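Lifted from TrEMBL, the feature list:
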- 27-108: domain 'Manganese/iron superoxide dismutase N-terminal' (DOMAIN)
- His52, His100, Asp185, His189: Mn(2+) binding site (BINDING)
- 115-218: domain 'Manganese/iron superoxide dismutase C-terminal' (DOMAIN)
Amino acid sequence: MLCRLASAGRSRAKLIAPLGCLVSRQKHTLPDLPYDYGALEPHINAEIMQLHHSKHHATYVNNLNVAEEKYKEALAKGDVTAQVSLQPALKFNGGGHINHTIFWTNLSPNGGGEPKGELMEAIKRDFGSFANFKEKLTAVSVGVQGSGWGWLGYNKEQGRLQIAACANQDPLQGTTGLIPLLGIDVWEHAYYLQYKNVRPDYLKAIWNVINWENVSSRYASCKK
């Protein structure tokens with residue numbers, strides 16, 4: 001949203017305009033899930049979904065709002081040191097909010113199977129077959145050390161699909177330039193209560209609830 005400048009005191013207004021935009025910024029909120037917590041069972045149980053969404057994602061949202069408020073104050077004071085020191089919190093919590101907002105829509109109780117249309121054609125073009133793609137994304141996700149995400153992204157410059165892994169809550173586009181299409185959360189809070197420390201079993205199950213309609217829509221949008 002653009003900030004309107006008064007006709008008088010234009011030079012001063014130009015200086016305070018960016019801050020005014022920050023002051024008027026609405027706080028981030030936790031998005032509603034498009035399905036019930038138990039809708040993805042038996043592949044992801046209701047307890048995991050409730051904790052993951054209402055506790056973990058909510059924490060990222062709350063901490064992002066706190067970090068942005070502190071950043072606004074540091075900006076108003078011209079405190080560059082404080083602005084720099086807040087970057088990790090902004091990246092971690094901002095990434096957590098971005099990633100999970102995508103993740104929830106990438107899943108559906110009516111998901112699973114294989115994509116259709118242009119997305120399927122692109123997968124075959126860039127990975128040889130859907131089976132090869134599925135195997136590669138699963139392997140990359142299993143191989144994430146500690147916590148992080150496995151991603152299918154779109155390289156707009158090269159016009160092709162790419163698989164990538166991001167550590168912690170690093171957002172795909174902000175760290176690699178790839179546009180996120182499908183994200184698989186491999187933090188233990190996404191599966192431990194059901195699959196314990198056996199990440200491969202969780203990854204095998206999650207393919208049954210992938211919302212290919214959503215992934216296809218993202219692919220179509222990023223090509224425009």
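Using N, Cα and C of the backbone, Cβ positions are placed for all residues, glycine too.
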### Query
Across all chains shown, how many C-beta atoms besides its own are within 10 angstroms of the C-beta of His100 (Mn(2+) binding site)?
24
### Query
Which entry in the list of binding-site residues, His52, His189, has its Cβ near the fewest other Cβ atoms, using 10 Å as the limit?
His189
### Query
Helix, strand, coil residue numbers for the domain 'Manganese/iron superoxide dismutase C-terminal' (115-218) per DSSP?
54 helix, 24 strand, 26 coil
### Task
Could you tell me the mean pLDDT over the domain 'Manganese/iron superoxide dismutase N-terminal' (27-108), as a whole number?
97
